[in-house]
Amino acid sequence: MDVLGAAALALFLVPLLIVAEQGRTWGWGSPAALALFALGAAGLAVFIPVELRRGDEAILPLGLFRRGSIALCSAVNFTIGVGIFGTVTTLPLFLQMVQGRTPTQAGLVVIPFMLGTIASQMVSGKLIASSGRFKKLAIVGLGSMAGALLAMATTGATTPMWGIVLIVLWLGVGIGLSQTVITSPMQNSAPKSQLGVANGASACAGQIGGSTGIAVLFSVMFAVALGRLADLLHTPRYERLLTDPAITGDPANHRFLDMAESGQGAGINLDDTSLLNGIDARLMQPVTDSFAHGFHIMFLPGGVVLLAGFVMTWFLRELQEETAPEEERPAESGAGAKNGPLPASDA
């Protein structure tokens with residue numbers, strides 16, 4: 001049992017996950033963040049030599065990544081994690097902050113995403129089972145996800161809800177195709193005794209990509225949006241609004257006005273978006289413009305990362321093109337030859 005390898009892997013991943021969650025609050029260059037980065041680097045420095053020394057008994061045999069399909073599929077899963085987790089999780093927030101939708105309306109947009117994912121997984125599974133080919137499905141899947149995120153980068157406050165739903169459905173179809181087929185070349189390339197390890201490594205790459213995407217893309221979005229909002233709140237036109245009797249006399253505006261006048265306008269607490277419910281449209285306009293710009297900047301790099309994954313899928317090899325190592329092939333002259341053909345499975 002590779003206890004030391006498991007401990008080193010935890011020492012590598014856990015500090016990075018903590019920074020991914022808290023980095024925007026602490027600051028990426030804060031002492032706490034830098035200390036955790038250093039701790040994660042130390043964990044990686046211990047993990048690699050330990051795993052190399054353990055060989056096939058390692059918790060993550062690094063020799064697996066010498067097989068092109070396993071390394072490539074892990075890289076593609078990483079790009080999917082970055083692009084999807086870093087953007088899909090923000091769609092409800094986009095609908096609330098930019099389009100003024102209610103939390104219920106914003107949450108319902110996840111339904112077409114799930115429907116597209118489930119339907120495309122079922123279809124792609126049947127196609128692979130009947131033909132044994134997956135490369136075209138992977139290309140279409142990654143291309144669809146990249147196209148959907150780039151399309152999201154063009155949306156704004158006036159985009160109709162049906163347009164958002166179509167893009168989200170398109171995104172769901174793409175991820176359903178990709179998730180189903182991306183494991184096929186990896187499983188075909190891995191030794192039978194290490195299929196579970198290969199699957200786990202690929203899934204881990206996707207989770208790391210998701211954490212990275214959430215941390216980086218969220219930080220980019222908030223930095224752009226709140227920086228722009230701070231500038232807009234200090235324009236002479238907006239400062240006049242803060243003293244307009246029609247604005248100050250409306251109780252619905254009071255919480256927002258208190259925040260703006262205290263100099264915290266760029267620090268809107270997005271854990272409680274009720275602050276923005278019912279406020280005057282003139283007060284809301286800078287918030288909408290700022291976050292629309294921030295979301296555009298976030299969706300664009302997410303789409304670019306998925307385009308990189310799309311390019312990688314062109315290098316996947318079909319099942320028929322993969323050949324297992326000689327020692328992994330079943331012996332044709334062994335038990336099977338002596339005892340006759342194995343009975344067909346009822347499955």
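Glycine residues also receive a Cβ, built from the backbone N, Cα and C atoms like all the rest.
Here Swiss-Prot flags 3-20, 30-52, 73-95, 108-130, 137-156, 161-183, 204-226, 294-316 as transmembrane segment. Annotation comment: Swiss-Prot describes 321-347 as region 'Disordered'.
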Checking 3-20, 73-95, 108-130, 204-226 against the transmembrane segment (137-156) for Cβ pairs under 8 Å, the most are found for 73-95
Best-packed against the transmembrane segment (204-226), counting Cβ pairs under 8 Å over 30-52, 73-95, 108-130, 161-183, is stretch 73-95
Tertiary contacts of the transmembrane segment (30-52), defined by C-beta under 8 angstroms and 6+ residue spacing from its ends, are 2, 4-5, 8-16, 18-19, 22-23, 58-62
- Using Cβ atoms only, state whether the transmembrane segment (73-95) and the transmembrane segment (108-130) have three or more pairs under 8 Å that are 6 or more apart in sequence. yes
